[in-house]
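Engineer: When I checked Swiss-Prot for this same protein, it listed these features:
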type: COMPBIAS; residues: 7-19; note: compositional bias 'Basic residues'
type: CROSSLNK; residues: Lys14; note: ubiquitin cross-link
type: CROSSLNK; residues: Lys16; note: ubiquitin cross-link
type: CROSSLNK; residues: Lys120; note: ubiquitin cross-link
type: MOD_RES; residues: Ser2; note: phosphoserine
type: MOD_RES; residues: Ser2; note: N-acetylserine
type: MOD_RES; residues: Lys6; note: N6-(2-hydroxyisobutyryl)lysine
type: MOD_RES; residues: Lys10; note: N6-(2-hydroxyisobutyryl)lysine
type: MOD_RES; residues: Lys10; note: N6-succinyllysine
type: MOD_RES; residues: Lys37; note: N6-(2-hydroxyisobutyryl)lysine
type: MOD_RES; residues: Lys75; note: N6-(2-hydroxyisobutyryl)lysine
type: MOD_RES; residues: Lys76; note: N6-(2-hydroxyisobutyryl)lysine
type: MOD_RES; residues: Lys96; note: N6-(2-hydroxyisobutyryl)lysine
type: MOD_RES; residues: Lys96; note: N6-succinyllysine
type: MOD_RES; residues: Gln105; note: N5-methylglutamine
type: MOD_RES; residues: Lys120; note: N6-glutaryllysine
type: REGION; residues: 1-22; note: region 'Disordered'
Amino acid sequence: MSGRGKTGGKARAKAKTRSSRAGLQFPVGRVHRLLRKGNYAERVGAGAPVYLAAVLEYLTAEILELAGNAARDNKKTRIIPRHLQLAVRNDEELNKLLGGVTIAQGGVLPNIQAVLLPKKTEKAVKAK
């Protein structure tokens, strides 16, 4: 016989994703596939997609945390593009990273030039 159906063999271990091995939520396998299909290089190492997935996950978590804070400040429970815009533009490093990015339906940061603000009079200063 061909040897199929024997009962003495070991059961195959449950498959474990590379994302779970790395402790990530982002899909390492999908990132690897996209790196291979994207013609970025002839070959892609095993560690490259893990590292890239970790970086993407970190940036996403950072933006979502700041956007969640912006939503909470506006007494909202759902993050909308406006909250993403406020989160990115109020953070110096994220603003530099995403400087050339336009967020649809994001609006603009509120900003009034100092010369347009009402002047403080002496009475207002003494009242304090």
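If you go along the chain as it appears here, the first residue is 1 and each next one adds 1.
Cβ atoms here come from the backbone N, Cα and C positions, even for glycine.
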Engineer: Tell me the Cα distance separating Lys10 (N6-(2-hydroxyisobutyryl)lysine) from Lys120 (ubiquitin cross-link), rounded to the nearest angstrom.
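Structural biologist: About 83 Å separates the two Cα atoms.
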Engineer: Let me check the 10 A CB neighbour count of the residue listed as 'N5-methylglutamine'. How many other CB atoms are there?
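Structural biologist: If we count other Cβ atoms within 10 Å of the residue listed as 'N5-methylglutamine', we arrive at 9.
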Engineer: Using DSSP, how many residues of the compositional bias 'Basic residues' (7-19) fall into helix, strand and coil, respectively?
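Structural biologist: Result for the compositional bias 'Basic residues' (7-19), in helix, strand, coil order: 2 helix, 0 strand, 11 coil.
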Engineer: Could you check which of the recorded positions (Lys10, Lys16, Lys76, Lys96) sits closest to the residue listed as 'N5-methylglutamine', going Cα to Cα?
Structural biologist: Lys76
Engineer: If you measure Lys75 (N6-(2-hydroxyisobutyryl)lysine) to Lys96 (N6-(2-hydroxyisobutyryl)lysine) at Cα, how many Å is it?
Structural biologist: 27
Engineer: If you draw a 10 Å sphere around the Cβ of Lys16 (ubiquitin cross-link), how many other Cβ atoms fall inside it, taking every protein chain shown into account?
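Structural biologist: That number is 8.
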